[in-house]
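Everything on this sheet refers to the single structure shown next.
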Amino acid sequence: MDAFKLLTRSTNLKTGRAAATSAAQTSRLPSTGKAANPQLFHNSEADRLLEEKKKHGQKRKRGHGADDAGSEDEDAADLDFFSSAKRASTGGAVAGKRHQEQASADKDGDSGSEDGSEMDEVQRRTVLNAHKIKVTDLRDLDQIQSTNAQTLQTEEPKKKKKKKAKAQQEEPKTLTKKEQKKARRLFPQPLVSFKELRTKYKISRRLAENIAEQGFTVPTEVQLGTLPLQLGDSSVQQASKPGETVEPDLLVVAPTGSGKTLSFLIPVINKIVRHHHEQPDERGIFAVVVAPTKELASQIVNEGRKLVQGTGVKITLMKKGMQVVERDGDGDSDEKDVLDEDSADSGSDSEDDEQTTDKKTKGKAPVTKSDILVTTPLLLVNALSANRTKPLAALPLVRNIVLDEADVLLDPLFREQTLDIWRSCTHPELRASLWSATMGSNVEDLAKSTIQERKDLSGTTKSYPLIRLVVGLKDSAIPNIQHKLVYAATEQGKLLGLRQLLHPTARTATDVHLRPPFLIFTQTIPRAVALHSELLYDIPPEAGGSSRIAVLHSELSDSQRSEIMKGFRKGEIWILVTTDLLARGVDFRGINGVVNYDIPNSAAVYVHRVGRTGRAGREGGVAVTYYTKEDIPYVKSIANIIDVSEKLRGAGGEKSVQKWLLDSLPDLSKKDKKELKKHGVKARQSNLKSIKDNKEFRQAKISTKSGYERRMENKKKGAIAASRNRKSQPQAPSTGADSGDDSWSGLED
């Protein structure tokens, strides 16, 4: 028995370890579970308005003509836990009756209207501003003003209509910049809860059940704003003809982990379900979702399959060799090749003929029977162009194209492939939606020009609104995580700091505390492999040893990448070293932190990297960024993002980036920013390997070995290589001394 515990059991004394344990238990981490409220921005006034709207809708639906007092009495009966058995049974009967009435109302088609509970413009403005949602019409001002004039003409009496129309024709007003911004602003009806999708927007019953089964109750900011727009919100129908429901083209900029995938999947699935009911004979690919990486595309398919269960909609991941269109010339060319082979081999028997027909049938894959196709750009372009050997085939049935991580897809790396896919979708009513956490003005301009180009080519006069929705501040990191910018001076200092994260020695107020699982990002694939081999034995065998750490990059095969992702999601892998392959879109909900071992190539990459933690409003995530002496010219953009994120959070306390540091860091020119985005920090570029005596490359090497040890290893490797070369060289021809004539010819004169 511990005497100290016995004597101090009535006191509040705690040992250092116990205090540290209790502090760790009270701190909330992303891995402990989902947040009660997934929203990042909200205040009491907006919550009150949403709660009033929700209660009003519930009373209208539940009452069916009954007064509100009766419903309140029923609620009180349900919540009276200390009543008698008779009263409790009565309350249970009333509750059962109410549930039956609600179920019958749902069965009748959810006829309970929500029109009476709609917010006016002032309330909508209050809610949207509180959640930091800004909705803007990006069309030309002439189109916006003409549409608003048409709306006013239908709403006003006939006498006033003629006078105002004449006045508008006679005196065209030139708007100031402030008035132009005001004219472009829209205030759509916000989504109160996911139940409204069924009661108000009439989505498929089975789709609504699948959403409820996934546990979605409170919509996030991006869902609160975009779902009504895509499902036909009447409050913004001034952007189209009066009385007509029009789905707009969308540009959405929302923080990482805010539920963008669900926001574009629900309207697309519901639209296809309706199309199946209206035209059951027409089948094909009705929607294309484009993502930059295979991991993100696979994740979208997994989320989509949960939503399409029982709806009759099929979602498919694009793979190499899949046929998405049927070409007329393919079958003829195949038959011609087979005939040529038969004529060349005229003496073959019947077995050879059977093998030829089998090869013919097996060689051509069947056309994919899918409603939603999720793909990376190159795979679909190769499928549409037969590996660039034929003109690009058309996808005439596609009515929705979704670009997830649109700023990357419209970057020079993927731009031509993405635009080829966009142009191949030839349906006149094609709607495009672009989604990302970071989107520059160049992406917006490219999207507007592409939409206008499609309109000019098709010759349609019908105009669709182009709406931009921004949540929070553009190009800013999520405010619910803690950012740390750590100066490590050298590569060895970064490695030492990373090992201190893995094995903390002491707890102080300034220390960074990071618990697994977490991600480590590097600049290049060789650096990721080197860091993985360096940390391979840092985890003790009692905790799983080297099996707890893995490396993931694009040079691995698809099966290896999927196995590593599966192990990380299941919790078998605690630390994952990777490149920017996993920086975008991939949803790991339980990640406690992110370590930027190498600084990101741009501010946008930093936003996406640190967005792997703090998903769906989870608190407690940590983002640690190490920088060395070589990184000082490139750090200011990251420091600015951290400063803006902390201001957005509004919480007091010590700042991660002090003002003196922001003032002292140098600014980066546009040319240097472009070079950094394209190649990264010069000292860590992989092409420096070819320069053997490069001092920068030696200093940037990830290793704890001394220079003497590395020199001895290189000497040993060189000796082994020289020995192999000597053995592989052919032996020299024998000379006259070794000719084999053993007879002695005497002494020469």
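Using the three backbone atoms N, Cα and C, a Cβ is placed for every residue, glycine included.
Annotation source Swiss-Prot lists compositional bias 'Low complexity' at 17-28.
The annotation compositional bias 'Acidic residues' is assigned in Swiss-Prot to 69-78 (among others).
Annotation source Swiss-Prot lists compositional bias 'Acidic residues' at 111-120 (among others).
The annotation motif 'Q motif' is assigned in Swiss-Prot to 192-224. Secondary structure by DSSP for the motif 'Q motif' (192-224): 17 helix, 0 strand, 16 coil.
The domain 'Helicase ATP-binding' annotation in Swiss-Prot covers 241-457, and the record cites sequence analysis as its basis.
Under the heading ATP binding site, Swiss-Prot lists Ala254, Pro255, Thr256, Gly257, Ser258, Gly259, Lys260, Thr261, citing sequence analysis as support. Under 8 Å, Cβ to Cβ, and six or more positions away along its own chain, Thr256 (ATP binding site) finds Ala437, Ile478, Val607, His608, Val610, Gly611, Arg612, Gly614, Arg615.
Taken from Swiss-Prot, the feature compositional bias 'Acidic residues' covers 331-355 (among others).
If you look up Swiss-Prot, you'll see 404-407 marked as motif 'DEAD box'. Panel annotation: around the motif 'DEAD box' (404-407), residues 251, 260-261, 264, 289-292, 296, 300, 434-436, 438-440, 443, 447, 584-585, 604 of the same chain, lying at least six beyond its termini, place a Cβ under 8 Å from a Cβ of the stretch.
Sequence annotations record features per position, and here Swiss-Prot assigns compositional bias 'Polar residues' to 728-737.
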Among Ala254, Pro255, Gly259, which are binding-site residues, the residue with the most C-beta atoms within 10 angstroms of its C-beta: Pro255
Counting only residues 6+ apart in the same chain, whose Cβ is under 8 Å from the Cβ of Gly257 (ATP binding site)? Ile478, Asp587, Gly611, Gly614, Arg615, Ala616, Gly617, Arg618
Do you know the mean pLDDT across the domain 'Helicase ATP-binding' (241-457)? 83
Sequence-distant neighbours of Thr261 (ATP binding site) in its chain (C-beta under 8 A, six or more apart): Gln299, Ile300, Glu303, Asp404, Asp587
In DSSP terms, helix, strand or coil for Ser258 (ATP binding site)? coil
